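These notes are about the structure you will find just below.
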Amino acid sequence: MTIKALAFGIGLATLGASPWAFGEGNPAAGKKKAETCSGCHGEDGNSNAPIFPKLAGQHVAYLSKQLHEFRSQSRGESTMAAIAEPLSDEDIADLSAWFAKGTVHVEEEEGDYSAGERLYRGGNLAKGIPACSACHGPHGEGSGEAGFPALRGQYSAYVAKALREFKAGERRNDRNQMMRDIAAKLSDEDIGAVSDFVSVLK
Ligand code: HEC
Ligand code: HEC
């Protein structure tokens, strides 16, 4: 048997064992369950205030990872811990499927975003900061498979808070410390500029 055929066989066996093996949720069920989330995250995942991250159009795998980590309190201190605590694995899959279907509203541009854009697209060689776009994509689309969240249109205030928390090591759920290592090299100015740029990125 060739390696390819073997891999294919394993793939089929996994699928056969359980259609839910990949945690695929039901968006219709998720929509109902999301009523308790809408006060902060909006009905379709476009949140009402910049301290609440937009969830609309985010990758399913990323949303689901965060909810599991809020529930197990491994993302760090967060108001989401108590909210995620009663959720079952199925709830998490359904809610993630629902919010991923939404379309994120990108913020209106006002002002000069060039410093943030330079950092986002080119990093800073002298300071050893890689380009954000290398992982989060040229349009801030991220990658579901690679576990890189979409950033496009996200509120600047939330992005800045996330970066400050990675920098301080308060948020520590990033695989291989990927974001903590990068955020450690960002100045407050870098954080402000790149967060503003992300909010208008599409
Ligand atoms: C009281 C307001 C509130 C409610 C209700 C709420 N959230 Fe949140 N949510 C937040 C805040 C604040 C954050 C940012 C938390 C942080 O950074 O620690 C957040 C973050 C998240 C994130 C992470 C987003 C990211 O980009 O990393 C997900 C996923 C999420 N919430 C899902 C939900 C779901 C699903 C529900 C309903 C079951 C819900 N939230 C209800 C306030 C709320
Ligand atoms: C090597 C890949 C990589 C690079 C380069 C990278 N990131 Fe990330 N980033 C990640 C990963 C992986 C996560 C998700 C961590 C997790 O699982 O919660 C993440 C998460 C984030 C988050 C949290 C999103 C949310 O919704 O809570 C922000 C904000 C962020 N990155 C901003 C940036 C910025 C700004 C840059 C450039 C200065 C950057 N990233 C460069 C891999 C990367």
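Note: Cβ is positioned from N, Cα and C throughout, glycine not excepted.
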Which of Met80, Met179 does TrEMBL put in the same heme c 2 site as Cys132, Cys135, His136?
Met179
Pop the Cα-Cα gap between Cys40 (heme c 1 binding site) and Cys132 (heme c 2 binding site) into the table, whole Å please.
27
Specify all same-chain residues, apart from the site residues Cys132, Cys135, His136, Met179, whose Cβ lies within 8 angstroms of the center of the Cβ atoms of the heme c 2 site, ordered by sequence.
Pro130, Ser133, Ala134, Gly142, Phe148, Leu151, Met178, Ile182
If you draw a 10 Å sphere on the Cβ of Cys132 (heme c 2 binding site), how many other Cβ atoms land inside?
23
